[in-house]
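Beneath this line is the structure, given in structure tokens, with notes to follow.
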4 protein chains.
Amino acid sequence: MLEKLQLDEASLTQRLMNHRREFHRYPEAAWREFFTTSRIASQLEAMGYTLHFGDTIINREAIMGRDEELVVKAQERALNWGADLGHLAQMDGLTGVGAVLETGKAGPVIALRFDIDAVEVMESQDDSHRPRFLGFASLAPGIAHACGHDAHASIGLGVAEVLAANRDSLCGTIKLLFQPAEEGCRAGKAIAESGWLDDIDYFFAAHIGMNVPSGTLVCDPQHFLCSSKFDIHFTGKPAHAGIEPNAGQNALAAACTAVAQMLAIPRHRDGMTRINIGQMHAGDGRNVIPANAVLMGETRGENRELNTYMFQQVENIAQASAMMHGVKVKIFPQGEAIELENDTELVDLLSSIGLASGFSEVIREKDFGASEDAGYLVDRVQSNGGKAIYCLVGSDLTAGHHNGDFDIDESRMLPAVKLLLNAVSQTMVIDHSRADRAAV
Amino acid sequence: MLEKLQLDEASLTQRLMNHRREFHRYPEAAWREFFTTSRIASQLEAMGYTLHFGDTIINREAIMGRDEELVVKAQERALNWGADLGHLAQMDGLTGVGAVLETGKAGPVIALRFDIDAVEVMESQDDSHRPRFLGFASLAPGIAHACGHDAHASIGLGVAEVLAANRDSLCGTIKLLFQPAEEGCRAGKAIAESGWLDDIDYFFAAHIGMNVPSGTLVCDPQHFLCSSKFDIHFTGKPAHAGIEPNAGQNALAAACTAVAQMLAIPRHRDGMTRINIGQMHAGDGRNVIPANAVLMGETRGENRELNTYMFQQVENIAQASAMMHGVKVKIFPQGEAIELENDTELVDLLSSIGLASGFSEVIREKDFGASEDAGYLVDRVQSNGGKAIYCLVGSDLTAGHHNGDFDIDESRMLPAVKLLLNAVSQTMVIDHSRADRAAV
Amino acid sequence: MLEKLQLDEASLTQRLMNHRREFHRYPEAAWREFFTTSRIASQLEAMGYTLHFGDTIINREAIMGRDEELVVKAQERALNWGADLGHLAQMDGLTGVGAVLETGKAGPVIALRFDIDAVEVMESQDDSHRPRFLGFASLAPGIAHACGHDAHASIGLGVAEVLAANRDSLCGTIKLLFQPAEEGCRAGKAIAESGWLDDIDYFFAAHIGMNVPSGTLVCDPQHFLCSSKFDIHFTGKPAHAGIEPNAGQNALAAACTAVAQMLAIPRHRDGMTRINIGQMHAGDGRNVIPANAVLMGETRGENRELNTYMFQQVENIAQASAMMHGVKVKIFPQGEAIELENDTELVDLLSSIGLASGFSEVIREKDFGASEDAGYLVDRVQSNGGKAIYCLVGSDLTAGHHNGDFDIDESRMLPAVKLLLNAVSQTMVIDHSRADRAAV
Amino acid sequence: MLEKLQLDEASLTQRLMNHRREFHRYPEAAWREFFTTSRIASQLEAMGYTLHFGDTIINREAIMGRDEELVVKAQERALNWGADLGHLAQMDGLTGVGAVLETGKAGPVIALRFDIDAVEVMESQDDSHRPRFLGFASLAPGIAHACGHDAHASIGLGVAEVLAANRDSLCGTIKLLFQPAEEGCRAGKAIAESGWLDDIDYFFAAHIGMNVPSGTLVCDPQHFLCSSKFDIHFTGKPAHAGIEPNAGQNALAAACTAVAQMLAIPRHRDGMTRINIGQMHAGDGRNVIPANAVLMGETRGENRELNTYMFQQVENIAQASAMMHGVKVKIFPQGEAIELENDTELVDLLSSIGLASGFSEVIREKDFGASEDAGYLVDRVQSNGGKAIYCLVGSDLTAGHHNGDFDIDESRMLPAVKLLLNAVSQTMVIDHSRADRAAV
């Protein structure tokens, strides 16, 4: 059996907070986390981890929702902010980093995943908003850590630090995945298809908040939504709106028709579905029939059939709206999420260590009701014979996820770190006893 | 009687072309014409004109559709492009320039107006597009001289040059107005209300193209449309589109409802009306119920009553759409055009000098069917007892106005210059004989 | 030269009023004018006219907007009201009657046309509504003579009576067409294509009211609108709206989408266009996804191109709406109107006899702004070398045409009768002098 | 303990079929079941039941969705079909009948409820549709027993017959409720509020079909939907669509806007919601701006909060659509359904007697997913201390409920009769033993 991991809670709490506030100040949206990745990499390097970047951890073919132009700008800004040039070169345009700790002893291959991207939301300008009041508000207008991934990255660094410090007490291999582009479910598939997780025996991931109060651990969230993210481009023909109003092909009108109809896709007998058109950008002038329009949206469903039902309706409505207004239309996939089902063995494990890790309440099941890019990772691990789990770490919030007023309860990072450390530790024990049995 | 004005047609033609191609390369949209104004000012200065900038020619209170943030960026770019720092300081944030030539002799005060702004349209990337093929395509992505104001500014410089060179043959006072922000009818009212035109006896303006073929002059275009330009801001409440789809207030949906209904405002018994929503920009994320949406649009009508009918419907629809989706709405006026009616005396004048100025065909009336910011200027001149005219200088076009493929027939600038010079010259004569008669 | 026609104004005025009030009490909508036709036929027969019914005056193939089921019901009602069985048999399902008066003397073939159908509008139940107050209100709920065709039919009988009584003073041939189904422009084409008017030298038609005040004659109304009338049938699939909302194909939703988009067909550069969807009937239950929907609408345009533009948009929108909602769609033409251009010779004629016929003011031109089934008749006459005219007989109205409160000024029927009699009489004179010339 | 009830299955099966086919031929929609009620009443009378009609069983104040005009027509038709004049008089305009069988012995008061109304759906005209092939298709065009209430009424008569024949073996009181207007949930509230069920100890109701296959009994269906049924009347102003398109107030357009928006009411975080607009009827003419429009719709929700959320959105959208088009709007409630929760004691009872009653499979729970007017009845019984249950009797169907092709498996009526008889019999036993215990 393994020894208990050593950690100084007080100083770790301080460091978690510092990490989190730094990440919060420098938020970077999906596929643009160059500064964030560089900062994480520097620290992991210092701890002794071997780092993997770019194509090693991401299958470039399977990437969704990455805008080359925005990536270039993000690299510039990351440099301005002080990102490491060497790391930027290693990333080769792809954010995120995989860190490996070999213990040199036989044992399981355990992965922990932390997502690191921010959301394209304007952070609250209200003085009572804590990050603003305390001076760590977002420095990037229109981008904010309004989903708690700043905490996730910090928890990852906290876990990394303790594991590295206790290396001699561990066995097997540890793989820490600092994942980019979770928002919009844009990277999961590409990471899964890189094969970097194919040797994993145990996989752990957690999300902070999610309507779970501070102190509570939810071990086995239910009802992850399948989802398709998409951009729809309508292309018409401009014309002077005063002189020849009949001569244009109105892409904005087509987009509005499409939105109205998509929001009215009938509910489905078999369960929960969702549709959202989150953005529209159309037209170039005021007195010109608008010749272009872009919609950015997503469908969801309780299962793949339901999401497929929604997405097929979206496709049909897009086609029909285009036909109606005599414009052209093209749909570009931007992200994809599938179901996520935890392994019972790991649900039992988390249930058993929750209280000891500092949670005051441990709940087994609760509705999730959203989509998670981890679905692809969990699915990959499981289909290679590994076990995987995704759990929820409660945190009182000041506003819902993706809301500009969103803020977390920072004190909830420590129990998350301890939970994951205990999970790693216990998994190594379980695996050993299993190995022992196998050896008999 | 005045002497004939001296000009070297060949070299003037070359200079007009050079001017036009320079303006075409450096297009600047409404209220952002800092480089353009500076370039014009430099040359007028060299010719000996007295220049008026900023508040002297523009009533700041009456400005519409000017975005301070874009103005700041435009100033930066103008500096990058080589604008004169001194001129920028004189402009004090307001583009356009008024130039005065005092002959020192008694005579009428004659104004000529040239609009100088570009349109927010992406210029054709097609290699067969002449400005691209010949290397003077727009250097500002998304902005282009797709309405011919580059030619107007050039014609203005051509006229200025000849008048200055012939100063001794002239009498009275010449005022040249290089007007900003004609697109969207954003500056006319503010210029009129500055009083700079209040002493004008004769006012001339011209537009190139407008579906009139090369060689033709239309002296008295009919049916100028009254117009209201507006931005509509919808503000709702964001929410996670997967977790609590019912909790948001969907500003994008409200905007789409509004667009659909506005495009369906009933036609009016009493005459032509127009409605266009040229742009929509809504939402910040993909999986967030969009909490903001901006529409940019315009109404038109054959007369003020019809335009008022349209605009009141727009206001009502905006309110009702907001109510329907539980969002807030605010309408911001961005421009305003009124009718334009030429003085018969000047129509007769242009009719009589058209052929001599190099036009092959002179037509008296033709439908205009669009709006013109000059309406406010003409109205001001006329209400102070002056005479005013706005005419059309034919030019074959490669595509309609405001279309990315738009290009003019550059050879049509010279006849325009000659027409205006003859008009000035004739007006001085007429006025003299009138003065003589008065003196008798 | 012809003698002056003899008539007793006082007793004729009384008879015109009696006719009109009877027609008003028994209104019959398009293609259902069995009682009306029978009443007219009985009186014409008594006057000595030869009558033509059914296929002789109507090309059955070219009929539009005739509903067999409604026709059968209308025949039953006509019998109840006291229609003549013999006439009904002669009509063979097709309403309207053509009456011929041969003078036996050489002379022109002159046609006068009177339309006889009512409108599907609920007559005002207000006690101050004159037909109700005086006891001649519509006996058919939902149908009313709210367009003045009751007056037209009466004027026709008045003209018929005087011509028959003065037969010996006349020359040539008189053809009186009591036309069915003018509303919706459903019969004009079929009558034209029957050939019954192919020998006509002079054709006269008039409409009472049309925003022309009592006492005024408009000889040459302008801007008749081309129009297409249509029904659109959407057919989907029903489903229980609670149990399987996704299983239906919503025809009502498709129809609503279509309506919204059709009302938003862009205005056209080249002139006035119109679109109206006057009725929708959709669905059979409350908790069933509606599987059927019928739209009844019309387009108009200042000329054929404009109307075609509108109708093609309607067709496209119908198709796209159906595609969008996964339903089937079929468009059924229900009526068609073309332009109408009067012959100058006849405009001059009417202008010259207006005052003598009892009008206090004679106007040459005025905008019509609506559609007229007479367009097809006029076109047919003209294309066979005849002359034709359609004029407006002023009448103060209590409400607009097709409004339930509509009522005419009955005293305006007599001048209309006199105008047409004078026109007939003058035409015979003109024709004679022409014939004389030809004979030389 | 009670004796076993005597019945001859073969002859009863034949009578059930005859009843059902008669009811099927003479379908009557909600509140119009005069013939149906009369036929049922005649037979119950003959069996010896005491009958209650009209206000005794229905609180007239709480009635929803009853159209007086249709009621009058339905009475005429019922008379034509042969309804009993005496019964019609007793009904006093209110359909449905309550039948009471007093055994004269102490015992529980047991109610059984059978709904008797048909649906406004056009029955299939296909020759392969069994009712058509066998000659018992609906004689009322547009109305059909497409929900199985013909079978319910027949089962009720079958149960009534056996109970009456076995009167001496029974104790307590039997109340049979032949309920009108279940479709649209229009009568339940009014019946509950009449108080006729206030003395009930045990209440039983069943529905045939509902996606449960032949042979299966579902004892405790789950998720009954709360629902609000409503009509929305828009009232605008007519105008000639060609002459003054701007002068009308378009009620049809307002209704279309409302439909589009209502179908797009956002899904709700907390559970299943539904919206349907089942009918629209708008406008009177083709070339008149339509001045009236009626929508007939319903909302549903898994619980009262969700239904309230939906209905409030409907109200808001109706108001905003009216405002948008300048028309007036009024919403008329037409029906209301609440939740339904069975008593476990009775679920256990049915579970225990299902196989013995002739079912081959007995399932405890299954989603219902629709609304049931019985909710109000069950709620009333329970709130007075009684026990109540509503179960599903499987039947293979040829098409979904409310579909024109719907037909049931007639052989499933007998097991339903036996189940209810056994339930009555068992309930009497249970109650006796309870009474015995109480007596001790």
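Glycine is no exception: its Cβ is also placed from the backbone N, Cα and C atoms.
Keep in mind the model is a prediction, meaning the values are calculated, not measured.
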Inset, instruction - From the candidates D:HIS207, D:HIS223, give the one listed by TrEMBL for the same Mn(2+) site as D:CYS147, D:HIS149, D:GLU183, D:HIS402. - result: D:HIS207
Legend entry - Cβ contacts of D:CYS147 (Mn(2+) binding site) (under 8 Å, same chain, 6 or more positions away): D:ALA118, D:VAL119, D:GLU183, D:GLY209, D:HIS401, D:HIS402, D:PHE406
Inset, instruction - Would you list, in sequence order, the residues of this chain other than D:CYS147, D:HIS149, D:GLU183, D:HIS207, D:HIS402 that have their CB within 8 A of the centroid of the site's CB atoms, where the site is the one recorded for Mn(2+)? - result: D:ASP115, D:ASP117, D:ALA118, D:VAL119, D:HIS145, D:ALA146, D:GLY148, D:GLU182, D:HIS401
Inset, instruction - Using DSSP with the three-state reduction, classify D:HIS207 (Mn(2+) binding site) as helix, strand or coil. - result: strand
Legend entry - Neighbouring C-beta atoms (10 Å sphere around the C-beta of D:GLU183 (Mn(2+) binding site)): 26
Inset, instruction - May I ask you to pick out the binding-site residues among D:CYS147, D:HIS207, D:HIS402 with a CB closer than 8 angstroms to chain C's CB atoms, ordered by sequence, or 'none' if no residue qualifies? - result: D:HIS402
Legend entry - Collapsed DSSP category at D:HIS149 (Mn(2+) binding site): helix
Inset, instruction - Take the domain 'Peptidase M20 dimerisation' (D:229-319) and count its residues per DSSP category (helix H/G/I, strand E/B, coil), listing them in that order. - result: 28 helix, 33 strand, 30 coil
Inset, instruction - Write out the long-range same-chain contacts of D:HIS149 (Mn(2+) binding site), meaning residues 6 or more apart in sequence whose Cβ is under 8 Å from its Cβ. - result: D:PHE23, D:PHE114, D:ASP115, D:ILE116, D:ASP117, D:ALA118, D:GLU182, D:GLU183
Inset, instruction - Kindly state the mean pLDDT of the domain 'Peptidase M20 dimerisation' (D:229-319) in the predicted structure. - result: 95
